[in-house]
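The structure that follows is given in the form of structure tokens.
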2 protein chains.
Amino acid sequence: MTAQPTTENRTAQLMDGSAVARRIVERTAARSAALVESAGVTPCLATVLVGEDPASVTYVKMKRNRCAKAGILSRHVPLPATTTTEELVATLTELSADPTVHGILLQHPVGPHIDERAAFEAIAPEKDVDGVTMRSFAAMGFALPGFASCTPGGIMRLLDAYDVDPTGKRAVVVGRSAILGKPVGMMLLARDATVTYCHSRTRELSSLVREADILVAAVGRPEFIRGADIKPGAVVIDAGYNEGNVGDVEFAAAAERASLITPVPGGVGPMTIAVLLEQTLDAAERLSGTSA
Amino acid sequence: MTAQPTTENRTAQLMDGSAVARRIVERTAARSAALVESAGVTPCLATVLVGEDPASVTYVKMKRNRCAKAGILSRHVPLPATTTTEELVATLTELSADPTVHGILLQHPVGPHIDERAAFEAIAPEKDVDGVTMRSFAAMGFALPGFASCTPGGIMRLLDAYDVDPTGKRAVVVGRSAILGKPVGMMLLARDATVTYCHSRTRELSSLVREADILVAAVGRPEFIRGADIKPGAVVIDAGYNEGNVGDVEFAAAAERASLITPVPGGVGPMTIAVLLEQTLDAAERLSGTSA
């Protein structure tokens, strides 16, 4: 590999999401055991999957496996690909009312024939442990108590684990989805970063990326962010996960310039699931009246 | 005044919020008359004022006068400064249930002893014509149908009235309040601008302002934005309104560089009230089942 024009010829420290996530899952397992012990309540996450998209099937399986490790029951609710919006809303409304269910995950995407927003809004706010409802978004926007969207929540936890204080920093978020780009920008803003949202219509993306002290790449396009554009010393959060285990950032070139960088896989991914589990415990404790 | 280093020595065109607002109020008055005629329903805005802060008293009076011009009844609900959160929530819940009320305005601020968020959330979403609830914020964030916060909504209307297309433009929002900075940034993002949020913890504000094709100043500090920092040709929206009729931008110097600029007063202010009236009509038509 050719030398990059870095100020120092160092290599970035990896942000080990797997290790940080493991500690969160361990703490969650301990809280789960305590909840069973003190209140006789076993925390339960309902996982709702519409259709059989292979990637979605894999994601849900991973989440359920991780639940088992954290002492969380998972109740799987597979629905046929032909499910209508009305049927999905009815299922989510039932789960919202079921006292033995503490958290609800609707695996995204649900298929183009379904009104996904209507489905998300059928999830009771107190069980929205995946942070997908309008209320949860507004809570992130206003820095009010509530459940974070899991990937943005995981990113903030990872920054904290590596003592990155966003205050006064230039944060650039590339991507503006409802469950990733938009809420992570709001959470960085709440932590006093100066936040810029970039997206498909942004001109001069490179020059904006070059100003980023904290870069969050969330576009889902392999190696879309050029390593040469990373500001020396920047913190690079790659929330992309594309075919062939490739992120949204040119990893090797970026790692020569960044101070901290997330690997793909093993960076943001494990954090997302850890936050899902932790928030399920938060919900279970609150719903059973045992939270501190 | 000394010469400024502008590319051209022109003066910006004024964005005449008073004139644009007048047209909106006229259209609203016509819709109001049609609603009385077709459904026998007179649109009604409830204005809730806690205490007797002179500025708030003036604002509410202006809004009620403007309602009268648009054929909207206003029901004034003055509450003593000693009102508790519980009492205020009870009042707003009653108004939310009252079929003769179509829109509810809770004048901000309500006093430090009141949980303003709890009060706002007591407003039924379908009557939140001032766009202050969490649901309305999320609707702006996700570009879903819903009521805009009135000042952000007014700013977007003003941009449209002067054919300013935000697509691909660098928009810089200075200020991050829940009813102005944050939602106007979300609305600009939904219209495909590249949006940067600046605030009290932002470093190098000047250099960010200099990059703004569209600048929204919403800090409430007189002449906080230096005219010399305005990018030549920029569109300058001054949402500040400080003592002595002074905005947040150094007007004269900014007007030498900008292509379009809002005066203070007569720019954003009248638009805010116009959007409040228009959204009250939207609510009245929907609640009476006569909307298109």
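Just so you know, glycine gets a Cβ as well, placed from its N, Cα and C.
Residues annotated as domain 'Tetrahydrofolate dehydrogenase/cyclohydrolase catalytic' in TrEMBL: B:15-130. The feature domain 'Tetrahydrofolate dehydrogenase/cyclohydrolase NAD(P)-binding' is assigned by TrEMBL to B:149-286. Among the features that TrEMBL reports, NADP(+) binding site is placed at B:Gly175, B:Arg176, B:Ser177.
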Which residues does B:Arg176 (NADP(+) binding site) neighbour through Cβ under 8 Å, counting only same-chain ones at least six apart?
B:Lys182, B:Gly185, B:Tyr197, B:His199
Over the domain 'Tetrahydrofolate dehydrogenase/cyclohydrolase NAD(P)-binding' (B:149-286), what is the model's average pLDDT?
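Taking every residue of the domain 'Tetrahydrofolate dehydrogenase/cyclohydrolase NAD(P)-binding' (B:149-286) together, the mean pLDDT is 97.
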What other residues of the same chain, not counting B:Gly175, B:Arg176, B:Ser177, have a CB atom within 8 A of the CB centroid of the NADP(+) site?
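After dropping the recorded site residues, what remains is B:Val173, B:Val174, B:Ala178, B:Leu180, B:Gly181, B:Lys182, B:Tyr197, B:His199, B:Ala218, B:Val219.
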Relative to the Cβ of B:Gly175 (NADP(+) binding site), which residues of the same chain, six or more apart in sequence, are found under 8 Å away?
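Residues satisfying the criterion: B:Gly181, B:Cys198, B:His199, B:Val216, B:Ala217, B:Ala218, B:Val219, B:Gly220, B:Ala239.
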Quick one: what's DSSP say for B:Arg176 (NADP(+) binding site), helix, strand or coil?
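For B:Arg176 (NADP(+) binding site) - judged by DSSP and reduced to three states - the answer is coil.
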